[in-house]
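Structure first, then comments.
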């Protein structure tokens, strides 16, 4: 074989998958870069990560369903908003009471120290939540679902103001800027209602009435920080039982306000018993306010009700009302359970991101006709602008909060969450990461006093004295 043949042989043999000695050569095909992405994702998905993703997806899904069902319940009880407010308050009392009784008598989940916690603090929290729920339900009847979601975000700047006044809380420029943008988004979202061109049955008076709910809601958030400061771990079912009980009691005393409210919330003092009776009939699916016709013709009388969303007197639509209210209360409990699960397993940062994502998804669902029916709220230019502005503000506020939380964590802080279902329709405020200072027990203070007198007390006794309980909060 000539030299030229030898030089050509490797090339020819490689084409035939053979080397110089006749052995077979395996040619490795190049692998596309994107083919390994699914495997990389699978390898990075630990059991804990999958669990967190499931909790987040279920939280967002249940949150969207919860908001939609709340508006559907309001539409069913348009003429009986106060009855609905009390129904949602008293309806949770036996549920939370049964779970609390079981945990007290058959488990050790609720220790004596928790049961000794002053109930007056629950009463104050319940009173504030009752006022919030009153504004939410009464005003929500004539406030469209998308606008409700946007107005709810105003609780963030109002909570910041209340925290600054009562807790001397300080906020970063990023948080303040985000709050101002949120306010701008709320104002933008109210413009269509003020100009009279809004859809979904929005009425300016009731829109502002609904917006007022963020004031007692913000005060409730701040009081939870003050009243439960010394509580290391409050059982959520025990807290909700007392909160719903006092919320129901104080809610009854708000009835006189309806005497001076315009329709459809007007209920005179002498009409309270017939009103509650008709509300109960509506719950059972019986319509009391129905169209009246002129001498059997198809023409309505001047005082007849209509089914138009912007009507002064709206006809009852109580069909299957009891089914809708049961679904709402069930989903509401499930939704709040997932809030706690996301906070526990994923943390406040993931919860904040999921909560922000839930806002546009909910408003999209409100615009789908086959879900909302006649209560559908199509997007308008200003409603989209308000949504985008609020999302930008929420993003800025969340980023500022995350930075603040990281600084608090570096300084030894910890996320302290006061779980609360709160009134219907009002979102929980995002937990703030702050340093938790455990209060000193009486025995610890006594040993400390002896130490100042020159009496030597071993360090172990300090620790033992302070680990007994959280003291009389």
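In case you wondered, yes, glycine gets a Cβ from its N, Cα and C as well.
Taken verbatim from Swiss-Prot:
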{"type": "CARBOHYD", "residues": "295", "note": "N-linked glycosylation site"}
{"type": "TOPO_DOM", "residues": "1-49", "note": "topological domain 'Cytoplasmic'"}
{"type": "TOPO_DOM", "residues": "71-80", "note": "topological domain 'Vacuolar'"}
{"type": "TOPO_DOM", "residues": "102-121", "note": "topological domain 'Cytoplasmic'"}
{"type": "TOPO_DOM", "residues": "143-146", "note": "topological domain 'Vacuolar'"}
{"type": "TOPO_DOM", "residues": "168-175", "note": "topological domain 'Cytoplasmic'"}
{"type": "TOPO_DOM", "residues": "197-207", "note": "topological domain 'Vacuolar'"}
{"type": "TOPO_DOM", "residues": "229-248", "note": "topological domain 'Cytoplasmic'"}
{"type": "TOPO_DOM", "residues": "270-322", "note": "topological domain 'Vacuolar'"}
{"type": "TOPO_DOM", "residues": "344-352", "note": "topological domain 'Cytoplasmic'"}
{"type": "TOPO_DOM", "residues": "396-473", "note": "topological domain 'Cytoplasmic'"}
{"type": "TRANSMEM", "residues": "50-70", "note": "transmembrane segment"}
{"type": "TRANSMEM", "residues": "81-101", "note": "transmembrane segment"}
{"type": "TRANSMEM", "residues": "122-142", "note": "transmembrane segment"}
{"type": "TRANSMEM", "residues": "147-167", "note": "transmembrane segment"}
{"type": "TRANSMEM", "residues": "176-196", "note": "transmembrane segment"}
{"type": "TRANSMEM", "residues": "208-228", "note": "transmembrane segment"}
{"type": "TRANSMEM", "residues": "249-269", "note": "transmembrane segment"}
{"type": "TRANSMEM", "residues": "323-343", "note": "transmembrane segment"}
{"type": "TRANSMEM", "residues": "353-373", "note": "transmembrane segment"}
{"type": "TRANSMEM", "residues": "375-395", "note": "transmembrane segment"}
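Residues 67, 71, 140, 175-176, 179-180, 182-183, 185-186, 189-190, 193, 198, 200, 202, 207, 210-211, 214-215, 217-219, 221-222, 225-226, 359, 362-363, 366, 377, 383, 386-387, 390, 393-394, 397, 425-427, 429-430 of the same chain sit 6 or more residues outside the transmembrane segment (147-167) yet have a Cβ under 8 Å from a Cβ within it. Ranked by Cβ pairs under 8 Å to the transmembrane segment (323-343), the stretches 50-70, 122-142, 249-269, 353-373 are led by 50-70.
Sequence-distant neighbours of the transmembrane segment (249-269) (same chain, 6+ residues past either end, Cβ-Cβ under 8 Å): 78-79, 81-82, 85-86, 89, 123, 126-127, 130-131, 133-134, 138, 141-142, 205, 275, 312-314. Mean model confidence of the topological domain 'Cytoplasmic' (102-121) amounts to 87 (pLDDT, 0 to 100 scale). Remote same-chain residues near the topological domain 'Vacuolar' (143-146) are listed as 67-68, 71, 198-203, 206-207, 210, 362-363, 366-367, 372, 375, 377, 383, 387 (criterion: CB distance under 8 Å, separation of at least six residues from the stretch ends).
Sorting each residue of the topological domain 'Cytoplasmic' (168-175) by its DSSP state yields 3 helix, 0 strand, 5 coil.
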